[in-house]
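Input: one structure, supplied below.
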Amino acid sequence: MSTNFTNGEANTDHESLITPLLSSRRSLVNSTSQVAIVGAHVCPIESLDYEIAENDFFKQDWRSRGKMQIFQYVLMKWLLCFLIGLIVSLIGFFNNLAVENIAGMKFVVTSNMMLAKRYGMAFLVFSVSNLILTLGIFSLRTLVIKIIGSITAVSSSLLVGKAGPMVHTGACVAALLGQGGSKRFKLTWRWLRIFKNDRDRRDLVTCGSAAGMAAAFRAPVGGVLFALEEMASWWRSALLWRSFFTTAVVAIVLRALIDFCLSGKCGLFGKGGLIMFDVYSASVTYHLIDVLPVLTLGAIGGILGSLYNFLLDKVLRIYSRINEKGVVYKILLACAISIFTSCLLFGLPWLASCQRCPSDASEACPTIGRSGNFKKFQCPPGHYNDLASLIFNTNDDSVRNLFSKNTNFEFQYPSILIFFVTCFFLSIISFGIVAPAGLFIPVIVTGASYGRFVGMLVGSHSNLDHGLYAVLGAASFLAGSMRMTVSLCVIILELTNNLLLLPLIMLVLLVSKTVADAFNSNIYDLIMNAKGFPYLETHTEPYMRQLTVGDVVRGPLQVFQGIEKVGNIVHVLSTTNHNGFPVIDEPPLSESPVLYGLILRAHVIELLKKKAFMPTPVPIGTDALNLFSAGDFSKRGSGNGDKIEDLQFTEEEMEMFLDLHPFTNASPYTVVDSMSLAKALILFREVGLRHLMVTPKISGRSPVVGILTRHDFMPGHILGLHPMLTRSRWKRLRIRAPRIFKLF
C-alpha cells in the first residue's frame, strides 16, 4: 500500500500506446499505457506531483515571503499533525465504543433468550441483527462510509477487522485537512490552503495512516513503523518526526478516554472491549528446548499464510466478477455471507460438549452478560461451552480469551481446531464484499487459534504457556500473510504490553516471512495486482537489467514551444489526456533545439483561464506575472480540477500566443535513453516522481525522446512490448511455484 498514487483523477500521464491484448480486455483505453499486469483490468491511476516545480514564478513567489509567513507555514504543519491525531483518536474511540456496545448488546439479548430456552427466537434475533448491520455499510461518501460501515460490519459478526478502515479513515481526515476542507460540502478553510501541493499532502496522508493504525491497536510506535514499512515509498526525517508526534497525540487521547470508560460510563465498553489487548503482562521464562517448537510454529505459519493469500486472491477475483454485475449482486453477496456466518457462529457451538467450571477459575463461571472464557450458551448450571467462548463472541474478546494466561485446560482440542478452520475460511470469504473490512484482526484471530492448538499439542514438553503460543501463532500468521517484520513486531509487543516477548516474536516473524516468501507475494501486493493498481515494487525484475529506458518509451510525444500559439495548446489538451508536456525552445529563442523543461496540464489550463495572452510571440513581461498568485497553481482537491472542455475562446484569442517559460519546471529529472530500466525504476521510486524525462545520448536528435511514468514500469506493459521476455520470466516463476498450490 503505497501513498505515491491516487485514484481520484481520470486523466493519465504521457505514456505509450496500450498493448493490443489489453485493448481487447477493456474498453477503458486511451493513448497511454495504463497497464499493471497482463490479464488484469486497466486502471487509470496516476502519480501525484511530489516534485516541486522550480519555475521562475515559484522562485519569485518564494523570495517574496517573509519570515513570518515561513514561520506560519512550519507552525501549521505541526498544528495539522496535532489535529489529525486528535480527530483520528476520537474516531477510533467512537468506533470501538460503538462496536462493543452494539455487538455486546446483540450477544446479551441473544444469550438471555437462550437462558429462557427460546433457541429458535435467539437464532432469529442473532441472524436478523447481523443481516441488518451488514446492510448498514452502504453510504454516500468515503469518510462517512468508512466510519459507519466499519462499525456495522464488525458489529455484524462478519470476520473482518477495523484496522484497515481506520488507516483509510486517518488518510481521509489528513487529505481533507491538507486540501483545506471540502468544496462539495462547503467546508473550506482559507487558513489551510497553504498546503495545497502534493508533497505536503502526501506527508499529511502518511501521518494520517500512521494515526489510523495507532488508533486501531493503541500502538503509536507500531503505527509509525507501519507507515514506514507499508504505506510510504518515500521517507525523510522530517516526516518521521511528524508521524511520531501524530501517533503520540493518538496514544495520549485514547489513554485519557479509556481511563474515563473504566469507571463504567461507556456502557459495555471498558469491561472487556479495550482497544489494547493488555492480557499478557506477566513475566515470561523460556529455555533452549522451547526454540524448536517456536521455529516449527513459524514455519507452519508461513505455509498457512501463503496458502491464505493464495485462496484470498482467488476469492477476490470471483467477487470482482460478481460485483461488476451491479449493486443488486453486491447486496445479495453481502447478505449471503452474513446469513452463512450467522448460521456457523450460532450452530457450531452445539457441536462442543459442555465443560464443568473449574474450581479455581479467576472469574465468574459461567460467564453471563459479559466477556470472558466461560460462555454458558446451552450448557446447564455450573458448566460452560468453550467453543462458544471463542466463536459466539466479538473478535476482540476472542483474541483476549486465546491470549489469556493460565488457561491451559479451559479449551478442548476439537473446539480449538473447529474455531481455527472456521476463522480461516470465514476471514477469506468475508473480505471482498462491499464492506469496510480489515485483515489484521481476522488474521490475528486465526493465527492465535492455530498457535493455541500447537501449544496444546506440545503440552508438557514446553515451558511456555498456551496463551503465549497463541501470541506467537498470531505473529507467525501475520508475517506469513502480510510479510511485515519490524512494524508487526512492535505492534504485537504494544498489544500484549510485554517486552520480554521480543526475542521469541522476532524469531517467529523472521522464520514465517522467509518461508512464505518462497511461495507467493504478500497479501497487499496480490490485492493491488488483482485491481490493476500500478504499484512500484521496491525491487526490480531481472529482465529490467536487459532493457534500457529507450526500449519502453513510445510515442507520439506531444510537446509545446516555449512561446506557443493558444490554438495549438487548446488542440493538444483537447485531443490528449496527458498531464505532462515537454517545453522546447527552438531558434530564434535558442541557437538549437533545447529542452527547457516540463509543464503540467493543470498549470496550462490555469494560464488559459486567466487569458494571459499576447498578440505576438514575445516573452511575457514581469508585470503580467502579477495577474497570478501562488494559490492559482496550488493543488486542487481530488476530482476538482478544471477541464479544457469548460473553457471558451474566440477566434482572435486562438491566434494569440502564450509564454510558458515562467511557469515551466526548468529543472525536471532527466535520464539518457541508454540508462537501464532497473536503474531508472530505482530513481523514479526513491525520489517519488510522476514524470521522468528521457533525453537522447547522441546529439543531433530531438532534445527529448519521451516521458516515463509509473505505467511504463509495469510488467504487463514491458512484457507486452517485448514478448520474448515472457517465456524466461514464466520459466523462473514456475521454478518458484509451490507444489502445494498446484493442487488447486
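Cβ from N, Cα, C; glycine included.
Feature list, courtesy of TrEMBL:
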{"type": "DOMAIN", "residues": "663-724", "note": "domain 'CBS'"}
{"type": "TRANSMEM", "residues": "73-99", "note": "transmembrane segment"}
{"type": "TRANSMEM", "residues": "119-138", "note": "transmembrane segment"}
{"type": "TRANSMEM", "residues": "166-182", "note": "transmembrane segment"}
{"type": "TRANSMEM", "residues": "203-227", "note": "transmembrane segment"}
{"type": "TRANSMEM", "residues": "239-257", "note": "transmembrane segment"}
{"type": "TRANSMEM", "residues": "294-311", "note": "transmembrane segment"}
{"type": "TRANSMEM", "residues": "331-352", "note": "transmembrane segment"}
{"type": "TRANSMEM", "residues": "416-446", "note": "transmembrane segment"}
{"type": "TRANSMEM", "residues": "467-493", "note": "transmembrane segment"}
{"type": "TRANSMEM", "residues": "499-519", "note": "transmembrane segment"}
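So that I understand the layout, could you describe where these features sit and how close they are to other parts?
Same-chain neighbours of the transmembrane segment (119-138): 102, 106, 109-111, 113, 145, 148-149, 152-153, 155-158, 331, 334-335, 337-339, 341-343, 345-346, 378, 434-436, counting only residues six or more beyond its ends whose CB sits under 8 Å from a CB of the stretch.
Under 8 Å from some Cβ of the transmembrane segment (203-227) lie the Cβ atoms of residues 3, 77, 80-81, 84-85, 88-89, 91-93, 95, 161-163, 166-175, 177-178, 195, 238-240, 242-244, 246-251, 254-255, 258, 275-276, 438, 440, 484, 486-488, 490-491, 493-495, all in the same chain and six or more residues away from its ends.
Within its own chain, the transmembrane segment (294-311) has Cβ neighbours under 8 Å at 424, 428, 443, 446-447, 450-451, 454, 464, 469, 472-473, 475-482, 504, 507-516, 518-523, 526, 738, 740-741, 744, counting only residues six or more beyond its boundaries.
Proximity of distant same-chain residues to the transmembrane segment (416-446), defined by a Cβ-Cβ separation under 8 Å and at least 6 residues beyond the stretch ends, is recorded for 134, 137-138, 145-146, 149-150, 153, 158-168, 216-217, 304, 308, 311-312, 315-316, 319-320, 323, 330-331, 333-334, 337, 340-341, 344, 348, 351-352, 387, 390-391, 395-396, 398-399, 402, 452-453, 456, 474, 477-478, 481-482, 523.
Sequence-distant contacts of the transmembrane segment (467-493), counting only residues of its own chain at least 6 positions beyond either end whose CB sits under 8 Å from a CB of the stretch, comprise 213, 217, 219, 221-222, 225-226, 228-230, 279-280, 284, 294, 297-298, 300-306, 308-309, 399, 402-407, 439-440, 443-455, 458, 499, 501-502, 504-506, 508-513, 515-517, 521-524.
Within its own chain, the transmembrane segment (499-519) is flanked in space by residues 280, 283-284, 286, 291, 294-295, 297-299, 301-303, 305-307, 309-310, 468, 471-472, 475-481, 483-485, 488-489, 492-493, 736, 738, 740-741, which lie at least six positions past its ends and keep a Cβ under 8 Å from the stretch.
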Apart from its near flanks, which chain residues at least 6 from the ends of the transmembrane segment (73-99) lie with a Cβ under 8 angstroms of it?
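Result: 147, 150-151, 154-155, 162, 166, 169-170, 173-174, 177-178, 191-192, 194-195, 200, 203-204, 207-208, 211-212, 214-216, 242-243, 245-250, 253-254, 257-258, 261, 266-267, 269, 273-275, 394.
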List the helix, strand and coil residue totals of the domain 'CBS' (663-724) as derived from DSSP.
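Taking the domain 'CBS' (663-724) as a whole: 24 helix, 12 strand, 26 coil.
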